[in-house]
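Participant: One structure follows; several queries about it will come next.
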Amino acid sequence: MFKLMTSCGPQVNTNGTRRNMTIIIIGLENAGKTVFVEAFRRLLPSKIDRCMNSKLTTVLLDEYEISVYDLNGDMKGRKIWPNYYAQAHGIVFVLDSSDLGRMQEVKTTLSHLLSDARVAGKPILLLANKQDKKNALLPRDIIKYLFLERIMNDNKFMCLLEPCSAIQNLQRSNHEPLLEGLRWLVTAIQNKQENLCAHEQSLTSGIPTYKDTTGFKVEYASIRSVGSNGARNVLEPPHILYLQFSDPIIRKYGGEEEYEKGMTEEKEEPLGQHSMETRPLKPILKKEGLRLKPKKNVSVTFALDEPMEEGECSKVNGAQNTTELHYNYRADFQFPETYTNDEVTSEPSPKKRMPTWYVEEMMLEDAYEDIFETCVNALISRTIRTISVFLFLF
Ligand SMILES: Nc1nc2c(ncn2[C@@H]2O[C@H](COP(=O)(O)OP(=O)(O)OP(=O)(O)O)[C@@H](O)[C@H]2O)c(=O)[nH]1
Ligand SMILES: [Mg+2]
């Protein structure tokens, strides 16, 4: 039992100061995984270990020491992913939001990942990367086309979809979306571990810590929005979905009934067309008050750690690793030359694409509407009054 409790989650370092955590970064090739790891390295104290099939970067975030395995996304690389599943406490899945032609492949790869028993119940951070690109899918469209609600809820996964642009966020020194996703993952792993340990303790001591440990799970996927300047808006999360106590499933899409209907019926629209339909954000904002807040995760699903398979690098047996130690801090960040000129700078400003994400704009619109409505009402009542006086006189 002791082994179970200590091996299933983040470990406290021998010096007792930091907890160790392992995460893997996966996704199709060219999604931007390595750029993300590069970003983490630049924003956090880090060290690199070179392994046989992957690159291991260890970063320090808050009280955690996180081992990040950057795995290749080509077909050959994908065959190696499962070797890391058991060891990982959480998963970062990066997707290229602008590569519409490969969304189906993303969907298949994701489903395959979630169906693996070694991944069961582990928190997943979905990074919808390359939001700076003109044709990038909006988060709600990604949810829709990947059937995220269904695949996450069916498989009882806790998931956060974070729209971001690894390059643009770094370039503009807007690091929040990059680090917040990672923070969420770390917290989710930690919460899960605490709940699991509490559950294990209750089993050994015979004292129940949950009201109902069977089927007591809360999962949610939330979407955050990125403004045209890459900054986080205060609208988060416009879409929340989570399960509570298995049944009934409570779904919320920021009050967008139409969208909910579309999602549950799972009618697939051709990619690329949806973003043209401008769905006003106003209804979402107006119904923000109805939004349900995600509850603390108390999932009891877990997977035991297993040793990694042959030839794979692990922190424990990393004897053949070459280690470079270097610490980077935000202040000395400089963008790598290779990323400065190409796609990012040539892309048109995303401002044109997502103007409706601004709260101020919405409030302004509402104000004009209100004034107009008041004027019309005053005019109508005045006319009625005049007609009544007229009728009374004659
Ligand atoms: N426009 C744009 N390009 C990006 C962004 N992130 C990464 N890229 C570009 O996408 C390409 C692939 O990035 P990588 O990080 O090497 O992709 P990867 O997922 O590690 O690919 P594999 O290692 O082959 O699996 C590079 O040319 C990056 O410059 C982004 O946010 N916006
Ligand atoms: Mg890579």
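Backbone N, Cα and C define each Cβ position, glycine as well.
So TrEMBL lists these for the protein:
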- Gly27, Leu28, Glu29, Asn30, Ala31, Gly32, Lys33, Thr34, Gly73, Asn129, Lys130, Gln131, Asp132: GTP binding site (BINDING)
- Thr34: Mg(2+) binding site (BINDING)
Participant: For the C-alpha pair, I'd like the distance in angstrom between Gly27 (GTP binding site) and the residue listed as 'Mg(2+) binding site', rounded off.
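Facilitator: If we compare the Cα positions of Gly27 (GTP binding site) and the residue listed as 'Mg(2+) binding site', the gap is 11 Å.
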Participant: In whole Å, note down how far the CA of the residue listed as 'Mg(2+) binding site' lies from the CA of Asp132 (GTP binding site).
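Facilitator: The Cα atom of Asp132 (GTP binding site) is 17 Å away from the Cα atom of the residue listed as 'Mg(2+) binding site'.
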Participant: Using Cβ atoms only, which residues of the same chain lie under 8 Å from Gly73 (GTP binding site) while being at least 6 residues apart in sequence?
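Facilitator: Residues satisfying the criterion: Ile26, Gly27, Leu28, Glu29, Asn30, Ala31, Lys33.
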Participant: Which binding-site residues of Gly27, Glu29, Lys33, Thr34, Asp132 contact ligand 2 in the sense of C-beta under 6 Å?
Facilitator: Lys33, Thr34
Participant: Work out how many Å separate Lys130 (GTP binding site) and the residue listed as 'Mg(2+) binding site' at their Cα atoms, rounded off.
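Facilitator: For Lys130 (GTP binding site) versus the residue listed as 'Mg(2+) binding site', the Cα atoms are 13 Å apart.
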Participant: Does DSSP put Gly73 (GTP binding site) in a helix, in a strand, or in coil?
Facilitator: coil
Participant: Of these binding-site residues, Glu29, Asp132, which scores lowest on Cβ atoms within 10 Å?
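Facilitator: The binding-site residues Glu29, Asp132 were compared, and Glu29 has the fewest Cβ atoms within 10 Å.
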Participant: Among Gly27, Leu28, Glu29, Asn30, Ala31, Gly32, Lys33, Thr34, Gly73, Asn129, Lys130, Gln131, Asp132, the annotated GTP contacts, find the widest CA pair distance and round it to a whole Å.
Facilitator: 21
Participant: With DSSP assignments reduced to helix, strand and coil, which class does Thr34 (Mg(2+) binding site) get?
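Facilitator: Thr34 (Mg(2+) binding site) sits in a helix per DSSP.
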